[in-house]
Each structure stands twice: as structure tokens, then as C-alpha cells.
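Annotated features, as they stand in Swiss-Prot:
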type	residues	note
REGION	1-26	region 'Disordered'
REGION	43-95	region 'Disordered'
COMPBIAS	51-73	compositional bias 'Basic and acidic residues'
COMPBIAS	80-89	compositional bias 'Basic and acidic residues'
ZN_FING	101-131	zinc finger
ZN_FING	178-203	zinc finger
REGION	275-339	region 'Disordered'
COMPBIAS	284-295	compositional bias 'Basic residues'
COMPBIAS	325-337	compositional bias 'Basic and acidic residues'
BINDING	Pro364, Leu365, Thr366, Gln418, Lys493, His524, Asn565, Gly566, Asp567, Ala589, Arg590	FMN binding site
ACT_SITE	Cys453	active site, proton donor
Amino acid sequence: MTDDPAATPRPETSVNARPAFSGQAPIKAEYLINTTPIVESASASELNNIHPDDAAEGRTDSRDSRDGRDRPDNKRRKPNKQDKKDKKGQNKGRHFPVIREASVRICRAWETTGICDRADKGDCRYAHSWEGYFEVKPNDISYRPDWSLVGEAPFVVEGERVVGGEDVVGKTLDLDTVCPVLKDLGYCPFGWRCRFLGAHVKRVAAAVDGEKEKEAGPEKRMGEWQVENWVQSEVENGWKQKETNWPEHEVLNALRRSTASFPFSEAYLKKVDPDKPFTLQNKKPTKQQPHKRKNNVLDEEEAANGPTGIPSAGDDEENAMNATENERNEEKGKVYGEPEAIDVPLRPEEKRRLNWEGGRYLAPLTTVGNLPFRRLCVDYGATITVSEMALAQPLVYGAKEEWALVRRHESEKMFGVQVAGGFPNRMVPAAEVIANTIGKGGGVDFVDVNMGCPIDLVFNQGAGSALMDSPGRLGKLLVGMNRALGDIPLTVKFRTGVAHGKPNAHKLIPRFVTEWGAGALTIHGRSRQQRYSKPADWEYIKTCVTALRESVADANLPPVPIFGNGDCFSAASYYEEMDRSGVDGVMVARGALIKPWIFTEIKERREWDISAVERLEGIKKFAEFGLSHWGSDTQGVNTTRRFLCEALSFQHRYIPIGLLERLPAKLNERPPAYRGRNELETLLASPFAGDWVKISEMFLGKVDEGFSFVPKHKSNAYGGEEAQG
């Protein structure tokens, strides 16, 4: 590499100019690309035909608009510390606007029932007719699941679009398309708004003026077209659209208005903190504040214990709850000692047993661990899944965006809800409302407490890994949740400790089981301070396993499963880590994000040299699952596209094992510039967001105007100027 910017391309726009560094993946020489600058455009397509001999001819314009050459003084400024920092890390404060049809906004009440009470009063601002809607509605997305996928461009061998006709409705239709929602559910609740409408309409004789009377219900006929299989799904026995955990509207309204009752939480918190009044008052109950997770779609670094406009735990509460056990009055802080007290933990036989030995456990993953992704992992062989991290305070305040995170698909046979929070006066009510709503219908098999989140905004509020340094507060929190959940097991996920070199997990583990009643444990083999920068410490995990086994035996308790977590990236490493540490299983996190098929490898105890076409099949499944979950209208398609790009922002880091000189691959190794064994494999390895959008277009149609995508981790964004920021 040279210091001359004319010869060294910008790292964020050149795949083939990455310098060699420790931790570089050993790729076979025939797949390597010469590090001499050759590619400046943000696309992987130019890499397919590049050979080392082309290096001298490949560069057409070496000027960098940011190298300072165009300034009057023609002086080049050396990059400072901030410049270097800006080129790496995370894109924070990402914003994803909601993209709907650029057309007449149809009243949802009228659309689904044919009636709008507000329209009769003249105060509904939405349209109550489909007139004008199809004049601007985008054409159907052409999609058939039986289309062939191939390794060379165009990658998807599509059929011809079959247009419905020249009329205003027919010209938007593709009569040969397949609606993924209809395919999955047997009906489509999106009716005329479906972007795959041609799959569920039929041509009927045009009605003569005055011949057709208005039928009750939604309008199912437009000119010579009639929509079929349009069903407005309702919650039946807790299930809707093959998903469960739909709290009743009355329950959410009561939570928002602070009229819901928490009898157990009130009694328990009065017991452990008699001087502190129990209150869950939402200061703005009449107008629910927009949830930050909705507006900015929070990633881990933006999650806090309270949404915008809703008060979080105050300084007085934090000071009181953070007080050490020695500072507490013994009678006030004592949790155990009275057999009849409400805060005595349930006996082990009163809780459901978690028989997890050998289970294939997918970690809770904020943003990317959504329901369609979990469904994909289950399809590959995962047997234990957990929701994205839900924040206790928004759950207690009835934020619908937070409750959407706990949704469960019918394919998830062992499913838990992970809750984060720092204080008993939020976590115990959250456990109580979970038990009384989704817990009664079998919607949750266990509740997991997040004690591992390392990010500052969570840690500084006493939640996540901060709980490990506050055992007094932690004990009250866990015991209260355990009692509130009834027979639903409570599990904990934690790190080795807060500070590097000062682990304390082994001291807490005996108390987790014998005092606080945890039904299963998961330990991430890094401290909060380490984040993900160092390899997981499996020797320390072994120490923790020994501490658990001894404490369980001494207390004469039934076996309690313990899982390890950290750096699992292959079947070989999975079983090696299990044998070395003695854990009952290994929770897979980043490894599943990069290669969701790792669960197939673990199940079959093999290393899978998965082909590019097989990987594309998995991407197609994710798109189908996403449309079933988020919807097949324009808004649902764009939401699916956004989360598909999120998934590809991790999956592009996978290096095919057929290209490696040694196995198994290591999670933290990064590849030098390389090309795949075919065009598709090269495309799937692209770090450019524009290429991820191109991949999404294979199954979700052309991107809509206004769509932009900013990767969670810095890379080339796709979209307008705001996206580039």
C-alpha cells in the first residue's frame, strides 16, 4: 500500500484495497484479487471478471473528491483522529421513513368493513372510495416461488408478466404472480392494496349501471375485477395469521391510561420497599407519545429504559434502589425468612422444567432478531428462540411497538420473551402483565432477564450488565419477577462481569439458582468492558459451570441447564466448546446472523459448503416470511426490504468454506478482497448497501422512490443525502 491517495482508493468504496492485518481469513490464492486499486464504484458486479493482470488497466479516474486537491492552496490535510473515527463503528440515530402508496389514503375502517362512523359525521379525512387509487398504484410485483435461481446474472430466471388488461385495474395486475401471504395463510388480509393482487383476483362480468346493489362489508368488486380470498383475520384463541401474543386492545388501553391493576407487584414492592410508594403513572395518558423504536427503529445503542415523553426512573429512585444491602434496614430489605411471605420464591417443583440439554439456542438479537429471521433459523434447525429485547417500562405503559416485539410464530416450539430494565418497580410489573396476558394462553415458555447488554444508555440506567454489580437490587428484581410469573420459568443471560479482569459471575451463579429461582442460565464469556473485542473466555465459563453444578448438588435441587455464549461459528467450534466447558449447549448469536444455516451444521455435525444458490434460497424464504409478518402492501414490502437489507449487512461477511485454506472459519477473521466461484457468490459477498438493495429486488420488486437504507455498521448507504450521513 502507498500513502499516495491517487493510488489508494477510499476504503469505504473499494472492496479490493483492504490492507493485510492480523485476523485475516486464509483465502485460497486463486480467489484473491490484487490489492492494486481497480474498483471505485460501490458495486460487486465489477469484481467478477477481474484478474491480477488487469490491475494496471483497471483504474480510470484516481482522483478523490475529498483528497483536498481541488482546494485553492492545493494542500492535502492529514486525516485527524475524528476523521478516522468517522469511518468506522456504527451509524447512530438511523431514520427509516414509512413509505406507503403515493396515492389516495383509504380509510381503514371503510376498507375493511364498508362503514365509517366518522365519515357520516364529516370528520374523516381519508377517502371512502377506490376511485383514483389504481391510477397511481404501482404495478404488481412479479414473483413465483418456482422460478429458477442460478449462479450467473440475472440470478433469478423470471417468466413474462401477464398483464390483466387495459382498464385502470387490469393494467396494474400480473395474473401470473404469486402472493406469499396467500401462499402462507390461505388468504390475504390486504385486499386491493396487496402488491401481488393478480394472485387473488378474478375477472367477472361488468355490472350494468343500476344493476348491482351495494353489498354489506368491504367493496370486493372494481369494474370487471373481483378480489378473492380477502379475509380480515381476527384473533382466535390467542392466534392470528399463525402468530400469537396479541394483547387485547382493552389491556393495552388500560396500560396506556394507567388504569391497569398490578395487585402482586403492589404488594411485593410494598414489602421490599415500604417507604417508596408504588406508582406506574403515565404523565401523558391521553396522547401516547411516538415510540422511539418506531421512529428511529432503535438499535442496541439507542435502547433506553423509557420511550420519549415517558418518564424513566428518576434520580431519587435510582439512588434508593442502588443502595447496597448494608445501607438497607434489615427488615425493609429482607426477602427471605418468613415462610408465608409473598416474596418467598416458588419451589422448583412449582415451575415448569426446562429440558434444554442439546437444544439449539438462537440468541435474542436486537433489530435483526425479528420474527421472520427467527422463523428462518427454526427452518434451518434452531429449537430455542427468544424475542428481541423488550424494555420493561414501555411494556408496562402499553406501547404497541414494544408489545409487537414479543410476537411468536407457530413454528417456534420453545419461545421466550427477553425483558430489560434496572429496577424492581418496572421489571416486576412487566413480568406480572406478561403472565396475565400472553402467559395464560401458552404464548411464552420462559421469560429471560437481560443482564448482558453493555451499551452505555442501558448500563447507565442500572439495567443490562449493570445489574451484576448490584446484587441486592438484582435479588429483589429476580425474586419478584419469579413470583409474578407463576409457573413460567425465569432465566437469566449475563456476562462474566462488568470490568475486564474482575469477573464476578461465578459468585452470582449459586444465588441465581438457590436464592433467586432461575430456571436456566446463559453466560456470555466476555465482560461488559470487553464488548466483542476479545475472544470469549471458555475457561471461565467452565469455572461457572462447576460453580452451578456444585451449588445445585449442595441444595439438592433438580438439574438447571446452563448455556455458554461467544464466538460459535461452526459445528466444530460448537461441540468443542461444549466438551471443553461442560455446558448443556451453546447459544449462537453473531454466528447465526452471518450464517443462519449454522443450526443445520450443528444438527448434522458437519461443515456445510453451502452454494450461492442455496444461500439465495434462504434469502427468498426470509422475504416470504417478512411479507407474511409485515404485510404485502407497499408499507409491508418496504419494511420487509429494510429488514432484509439488515440481514444482508451481516450475511455478506460469510466466507464460503470452499474458498478457505483451512477450517473451521473463525468469527472475527475478515477476508482480503476476493471473488466468489460464480457471479452470485461475489454479489452475496458485497459490502455495499446498493448491492443488498439489488438482491432484495429479486423477490420484492423494484425499490420505491424515497426508499433509503443506512446500515447499522458503517458502509455505503443507499438512498438520498440523509442516508449518506
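From the backbone N, Cα and C atoms, a Cβ is placed for every residue, glycine too.
Structure with Swiss-Prot features highlighted.
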{"residue": "Pro364", "record": "FMN binding site", "Cβ contacts under 8 Å, 6 or more apart": "Val386, Ser387, Glu388, Met389, Gln418, Asp448, Asn450, Lys493"}
{"residue": "Asn565", "record": "FMN binding site", "Cβ contacts under 8 Å, 6 or more apart": "Ala363, Lys493, Thr522, Ile523, His524, Gly525, Ala536, Val586, Met587, Val588, Ala589"}
{"residue": "Asp567", "record": "FMN binding site", "Cβ contacts under 8 Å, 6 or more apart": "Gly525, Pro535, Ala536, Ser573, Gly591, Lys666, Leu667, Asn668"}
{"residue": "Arg590", "record": "FMN binding site", "Cβ contacts under 8 Å, 6 or more apart": "Tyr532, Phe569, Phe650, Leu667"}
C-beta crowding around Lys493 (FMN binding site), within 10 angstroms: 24
Alpha-carbon spacing, the residue listed as 'active site, proton donor' to Thr366 (FMN binding site), which is rounded to whole Å: 10
Cβ neighbours of the residue listed as 'active site, proton donor' where a neighbour is any other Cβ within 10 Å: 24
Number of helical, extended and coil residues in the zinc finger (178-203), per DSSP: 13 helix, 3 strand, 10 coil
Three-state secondary structure, which DSSP defines for Thr366 (FMN binding site): coil
Integer mean pLDDT for the zinc finger (178-203): 96
The zinc finger (101-131) - residue tally per DSSP class, helix then strand then coil: 11 helix, 2 strand, 18 coil
Other CB atoms, at most 10 A from the CB of Thr366 (FMN binding site): 23
Pairwise Cα distance maximum in Å, FMN-binding residues per record: Pro364, Leu365, Thr366, Gln418, Lys493, His524, Asn565, Gly566, Asp567, Ala589, Arg590: 21
Secondary-structure category, per DSSP, in which Asp567 (FMN binding site) falls: coil
Where Arg590 (FMN binding site) falls in three-state DSSP terms: helix
